[in-house]
Amino acid sequence: MNAAASSYPMASLYVGDLHSDVTEAMLYEKFSPAGPVLSIRVCRDMITRRSLGYAYVNFQQPADAERALDTMNFDVIKGKPIRIMWSQRDPSLRKSGVGNVFIKNLDKSIDNKALYDTFSAFGNILSCKVVCDENGSKGYAFVHFETQEAADKAIEKMNGMLLNDRKVFVGRFKSRKEREAELGAKAKEFTNVYIKNFGEEVDDESLKELFSQFGKTLSVKVMRDPNGKSKGFGFVSYEKHEDANKAVEEMNGKEISGKIIFVGRAQKKVERQAELKRKFEQLKQERISRYQGVNLYIKNLDDTIDDEKLRKEFSPFGSITSAKVMLEDGRSKGFGFVCFSSPEEATKAVTEMNGRIVGSKPLYVALAQRKEERKAHLTNQYMQRVAGMRALPANAILNQFQPAAGGYFVPAVPQAQGRPPYYTPNQLAQMRPNPRWQQGGRPQGFQGMPSAIRQSGPRPTLRHLAPTGSECPDRLAMDFGGAGAAQQGLTDSCQSGGVPTAVQNLAPRAAVAAAAPRAVAPYKYASSVRSPHPAIQPLQAPQPAVHVQGQEPLTASMLAAAPPQEQKQMLGERLFPLIQTMHSNLAGKITGMLLEIDNSELLHMLESPESLRSKVDEAVAVLQAHHAKKEAAQKVGAVAAATS
């Protein structure tokens with residue numbers, strides 16, 4: 001099969017210079033007119049999932065891909081011209097340098113398209129790119145031809161030509177290694193000498209007189225500022241390398257006018273930057289090796305701990321070279337560093353001090369890591385989690401729910417911490433039993449829905465949704481976590497002139513509630529967790545029970561242990577008698593409205609009479625506002641009927 005696949009003609013395009021917001025759908029809309037598209041992939045960062053600025057478009061026919069390359073190259077998508085070329089999966093062909101041309105001294109106005117149009121006359125171009133930064137073109141570019149012959153022809157014709165009134169250099173592309181080798185060879189035969197740290201009294205003539213003793217000089221220059229003042233450095237160019245080398249050997253470190261001068265080979269800016277970078281990396285590696293295994297990171301520090309106290313706490317374990325609490329605006333940031341003289345001392349300090357309470361907080365002590373190491377470690381952890389999820393068999397998610405009592409599904413394996421459970425549409429359908437509340441008291445949109453997938457949010461407030469012309473509110477809803485639900489039961493009960501049937505049954509059910517004891521789970525109830533594995537849950541302290549006269553005390557554990565369809569019933573049985581003492585005529589309506597609130601909030605209301613009264617007052621205000629609006633509408637209707 002591989003042999004057959006390799007014989008297929010190329011029909012894959014690389015699309016670069018993409019805007020970060022460009023998606024596969026946009027590219028499909030762009031490229032599908034050229035012909036049938038098999039697939040499109042925008043390459044993204046593994047962690048952030050942000051676009052990397054390029055994509056691959058695979059066509060069914062090579063002719064369609066070629067048509068797209070010819071007609072759509074440099075078209076604009078979301079304000080940026082795209083760059084299209086044939087996808088070359090073999091990196092050795094891209095990096096070989098065959099057919100690759102380097103152009104420099106370009107005018108800022110020349111972009112990818114202008115460069116492509118200029119050089120396409122010499123042969124088929126595989127890729128063409130002007131190098132840019134945030135300020136625009138950097139003045140150089142690369143053109144990769146299909147053949148070396150086309151590249152040689154372009155170099156011969158274009159090198160030294162004027163493009164936008166600027167003489168450009170066009171030559172064969174050279175790798176960094178080749179360029180460094182050439183610079184090294186030139187450095188060995190240098191003739192230009194750099195001199196610095198001399199006084200202001202030294203001018204061109206005195207500098208020439210000083211250095212001409214070593215051989216014939218071609219030029220001597222002291223560098224000056226716009227005011228003509230010497231900058232304290234200059235250059236001397238010799239005719240022969242031997243003379244320049246002799247000047248460096250004899251003059252470097254000599255004293256002139258009370259100052260010790262530096263004399264060395266004159267370097268280009270690129271060389272100096274490369275040398276400084278090498279020195280910086282060398283110092284960095286030395287520092288890393290020096291502090292490897294001896295520098296400790298301590299966090300969760302008490303605010304009263306300063307550098308001296310930190311040193312005092314860790315000094316029993318060995319010789320401390322430095323101890324520092326990190327500060328911000330003079331206040332402790334809660335972490336610091338302690339550096340020991342040997343790895344053995346640092347290891348002992350970690351063993352003894354990690355978890356020890358100093359001041360009022362337990363310390364976290366570990367070997368300090370560089371930012372790059374921490375980032376790599378976190379990335380590795382993330383990738384392992386992703387790989388573990390992908391390694392699950394296809395039916396793992398579908399089979400992770402086993403039937404429990406009442407036809408509900410509970411997880412057969414623990415869910416990932418902090419993540420909401422995943423349910424397939426079929427499972428959701430199975431999880432909706434016939435509602436216990438035949439009329440009212442349950443929102444239509446959330447009948448039988450387990451609390452694990454109900455959206456949570458801040459404390460709810462009652463709001464009024466567009467009523468109809470019936471005798472009482474057609475739709476009264478609770479705003480919980482940004483979602484509203486219709487109270488159809490209130491409509492039914494009000495149209496019949498009574499209270500909801502389910503609410504009417506609360507009082508009789510309350511009398512026999514104590515006869516039906518429920519299992520108590522060893523964990524605290526939370527609206528986002530349902531039926532976790534009891535073996536992995538820590539035991540909790542006894543929880544306060546909500547006492548309603550004549551009923552079994554209700555705890556969060558009892559509520560969590562009950563099937564979801566019974567939880568609202570249990571809460572309603574305890575809410576109804578409390579609300580009836582406040583507003584006996586509206587108790588049924590208000591109870592049905594309050595049952596839309598999240599279970600944890602309802603438990604809080606049962607424990608706090610002030611909170612319950614506040615919510616009841618809100619519900620009464622909504623009902624009264626609706627009643628007033630309905631009366632006003634009836635009066636308007638009566639007046640209209642009389643006038644007609």
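Even glycines carry a Cβ here, placed using N, Cα and C.
Per Swiss-Prot, the residue from the list R94, R374, R436 bearing the note omega-N-methylarginine is R436. Checking the candidates R224, R287, R356, R454 against Swiss-Prot, the annotation omega-N-methylarginine falls on R454. Candidates Y56, Y364 were compared with Swiss-Prot; the annotation phosphotyrosine appears at Y364. Checking S87, S212, S257, S319 against Swiss-Prot for the annotation phosphoserine singles out S319. Between the listed residues Y28, Y140, Y194, Y291, Swiss-Prot assigns phosphotyrosine to Y140, with no corresponding entry for the rest in that record. From K95, K268, K284, K375, the position flagged in Swiss-Prot as SUMO2 cross-link is K375. With DSSP states grouped into helix (H, G, I), strand (E, B) and coil, the domain 'PABC' (551-628) comes out at 62 helix, 1 strand, 15 coil.
The shortest Cα-Cα distance from Y364 (phosphotyrosine) to any of the modified residues (S206, T304, S319, S584) is found for T304. Taken residue by residue with DSSP, Y364 (phosphotyrosine) is part of a strand. Taking a C-beta cut-off of under 8 angstroms and a sequence separation of 6 or more, K361 (N6,N6-dimethyllysine) has the following same-chain neighbours: N300, L301, D302. Sequence-distant contacts (6 or more apart, same chain, Cβ under 8 Å) of S319 (phosphoserine) comprise F340, S341, S342, E345. For the domain 'RRM 4' (294-370), the number of residues in each DSSP class (helix H, G, I; strand E, B; coil) is 22 helix, 32 strand, 23 coil. Here the CA atom of S584 (phosphoserine) lies 110 Å from the CA atom of S206 (phosphoserine). Taking a C-beta cut-off of under 8 angstroms and a sequence separation of 6 or more, T304 (phosphothreonine) has the following same-chain neighbours: G359. A helical conformation is recorded for S206 (phosphoserine) in the three-state DSSP classification.
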